[in-house]
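Relevant sequence annotations retrieved from Swiss-Prot are reproduced here:
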type     : residues                                                               : note
ACT_SITE : E137                                                                   : active site, proton donor/acceptor
BINDING  : K111, S112, T113, Y114, A115, R116, T135, L136, E137, Q156, Y170, Q180 : dCTP binding site
Amino acid sequence: MSIKSDKWIRRMAQEHGMIEPFVERQVRGSDDSRVISYGVSSYGYDVRCTNHFKVFTNINSAIVDPKNFDAGSFVDVHSDVCIIPPNSFALATTVEYFRIPRNVLTICLGKSTYARCGIIVNVTPLEPEWEGQVTLEFSNTTNLPAKIYANEGVAQMLFLESDEECEVSYKDRAGKYQGQRGVTLPRT
């Protein structure tokens, strides 16, 4: 497997719709308008999250069960800023819609700006031929409230191209998160 460069990412986005909307350079803001960077980087693509968040709450004192998840455990927040309570988490979705090629596996890593504040971004790999908006999980590991900014960089996607195509892709096996849009809760 080899990691793919900015040239490859740009070509795949522009010619094959791999990332939509696509920002072909890294946006950093200006002196009077600082933003957490997003867009193409040397060997990855920095994604943004939308302004729709689902913040976890324990008001129902429910048990967290991935096979029987209670959607009432979340509070919907529509804002350019999301405050995550101490030792809690929130879900969001990428602005970008992805179409992963059959011979590519995509890994998501959190941005160091957030990690240095105790905010961890978790996403499972984007498998070959998966497509959709990515549901992002932000964990606040601190004992203070933490802030996430919508429409700014939150994580980086790395694209790994295999030496050979997989026998069965995510699309072939009709994966349960295929084509997801918006924040998607656990499915079994």
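From the backbone N, Cα and C atoms, a Cβ is placed for every residue, glycine too.
Please go over these features one by one and say how buried each is and what sits next to it.
In three-state terms derived from DSSP, E137 (active site, proton donor/acceptor) belongs to an extended strand segment. The number of other CB atoms found within 10 A of the CB of E137 (active site, proton donor/acceptor), across every protein chain shown, is 16.
Around the Cβ of K111 (dCTP binding site), the same chain contributes I36, S37, D46, V121, G153, V154, A155, Q156, each under 8 angstroms and 6 or more positions distant in sequence.
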Take the Cβ of A115 (dCTP binding site) and count every other Cβ within 10 Å, whichever protein chain it belongs to.
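Its Cβ has 13 other Cβ atoms within 10 Å.
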Where's the emptiest Cβ shell within 10 Å among the binding-site residues T113, T135?
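Least crowded of the binding-site residues T113, T135, by Cβ count within 10 Å, is T113.
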What whole-number distance in angstrom separates the two most remote CA atoms of the dCTP-binding residues K111, S112, T113, Y114, A115, R116, T135, L136, E137, Q156, Y170, Q180?
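Across K111, S112, T113, Y114, A115, R116, T135, L136, E137, Q156, Y170, Q180, the two farthest Cα atoms sit 33 Å apart.
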In whole Å, how far is A115 (dCTP binding site) from E137 (active site, proton donor/acceptor) when you measure between their Cα atoms?
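Between the Cα atoms of E137 (active site, proton donor/acceptor) and A115 (dCTP binding site), the distance comes to 13 Å.
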